[in-house]
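Pulled from TrEMBL, these are the features on record:
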{"type": "TRANSMEM", "residues": "16-34", "note": "transmembrane segment"}
{"type": "TRANSMEM", "residues": "41-61", "note": "transmembrane segment"}
{"type": "TRANSMEM", "residues": "73-94", "note": "transmembrane segment"}
{"type": "TRANSMEM", "residues": "115-135", "note": "transmembrane segment"}
{"type": "TRANSMEM", "residues": "169-187", "note": "transmembrane segment"}
{"type": "TRANSMEM", "residues": "199-224", "note": "transmembrane segment"}
{"type": "TRANSMEM", "residues": "230-255", "note": "transmembrane segment"}
{"type": "TRANSMEM", "residues": "342-361", "note": "transmembrane segment"}
{"type": "TRANSMEM", "residues": "368-387", "note": "transmembrane segment"}
{"type": "TRANSMEM", "residues": "399-418", "note": "transmembrane segment"}
{"type": "TRANSMEM", "residues": "430-456", "note": "transmembrane segment"}
Amino acid sequence: MSTTKTARLQTAGPKLTLPIAALAFVIALIVQFIGQAKIDVGIGSIIIFPMVWGLILGLLISVQKFKPLGLDLQRVATALVGVAVLLLVARLAFNIGPSLPSLLKAGPALLLQEVGHLLGTIVLALPLAVLLRMGKATVGATFSLDREPSFAMVSEKYGPNSDQYRGVLAMYVFGTLFGAVFITLLTSLVSNWKIFDPLALAMGAGVGSGSMMAASAASIVAAYPADQEAILGMAAVSNLITTVLGVYVGIYLALPMADRFYKFLTRKQESRQLVASGAAVAPERSAADGERDAVQAEENRLFREQVAESSAPITLPMWLSLSVLTVLGIGTASVAAKGFSLSIVLGYAIMLALVLLGLGLAKVTRKISAIVFITTIGAYISSPWFFGAEALNGAVKTVDFLSIATVMLTLAGLSLGKDIPLLKNIGWKIIPVGLVAITASFLLSTVIAEFALGLWH
């Protein structure tokens, strides 16, 4: 009965928002005080940031049974994450403006490396999925890192009850639960090898997910602190390009390519099955296959409904979301700066104004994402070509971008409890496939960027 009720709830006010915000505030402050930890793993070192502690602690609280965190509270946390991403984008936009000379100098490398993001998963993760016999779900799970835009692409082409769509959902659940933590560890390890240009690593960080990009960029900055501004600016631009191009490349290139590559790799397996079946048993086999397909379609439908219930959006008033996130953000930024200052408040005021302007323009145009407006306007007003850039940059940069990421991932952790039951439905095979997909997207893009930067320079 309670599940039905929570599934129907579409809006929430202060009564649901303030408790989860207060819990996130306490967790974020605690992990910010704890700080980062550096772990030597022999082949390199891994840095674990406060945002990762926040994600893990939030997850533990969301799954504990002593005082269960209700589904609606977790959905509110998810809604706050969506708005927190806008604040993070606004903050990173102020690293793009001053870094525009470096971005322009990178030239075609910034576009060429996108091949790694958009096709890396197909090159390495798809053959592994075929080897593990994931079936047709392979196509949906490996044509991209499968964030929200992938749903519509695969559903339209194969249907919402198809195996391919189940693959999309499986990778989405995996990325939601493990993506940010894994890419933090991966990037930290690779960055500390010191064999790649930090700008190439930054391009590799733009995998198309705001939380994964922030976690990855933080690890790169830790290894190359002197290049922080250029790294954050490059990562933000790369992530934006991946997000924008991802839809078109997914529809017209990546998805058809994954489908053909899957059929190519499984052609002998299908031929052997046809030969083994023989003409005499073909009718019975066809009937059995049809029955199995029907059962599988029903299982896919139930899984899709579970994911839909888990990820059902809930709407918060924008004034409430931004007010709550501002309080959380100023608190964590003050701890990161080791003291409260009015500059932090001014920095948040500027970012809030930029977010509201971006949302307003997106509402007017209805075709361009608020993230595009926020990034573009923020990059311009922080660039050398804007008369007030120095004053704006001075205020905004008192806000540590990692403090915003800590708030965002803490809220994300608090929202993950509702997704844990989905793990038993996605199967163990998605774990190695998902790890390889994220690794391939990051590493292939970084390698391409490394060579492209060398050729361009």
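Yeah, the Cβs are placed from backbone N, Cα and C, and that goes for glycine too.
Between the transmembrane segment (368-387) and the transmembrane segment (230-255) there are at least 3 Cβ pairs closer than 8 Å, counting only pairs 6 or more residues apart in sequence, which means the two stretches are in contact. Simply put, out of 16-34, 41-61, 169-187, 399-418, 430-456, 399-418 has the most Cβ pairs sitting under 8 Å from the transmembrane segment (73-94).
The highest tally of CB pairs under 8 A with the transmembrane segment (230-255), across 16-34, 115-135, 169-187, 399-418, 430-456, is held by 115-135. Stretch with the largest number of CB pairs closer than 8 A to the transmembrane segment (169-187), among 41-61, 115-135, 430-456: 430-456. For the transmembrane segment (342-361), the partner stretch with the most Cβ pairs below 8 Å, chosen from 16-34, 41-61, 115-135, 399-418, 430-456, is 399-418. Sequence-distant contacts of the transmembrane segment (430-456), counting only residues of its own chain at least 6 positions beyond either end whose CB sits under 8 Å from a CB of the stretch, comprise 106-110, 112-117, 119-121, 123-125, 128-129, 132, 134, 141-142, 145, 170-171, 173-175, 178-179, 182-183, 186-187, 190, 196-197, 199-201, 203-207, 212, 216, 238.
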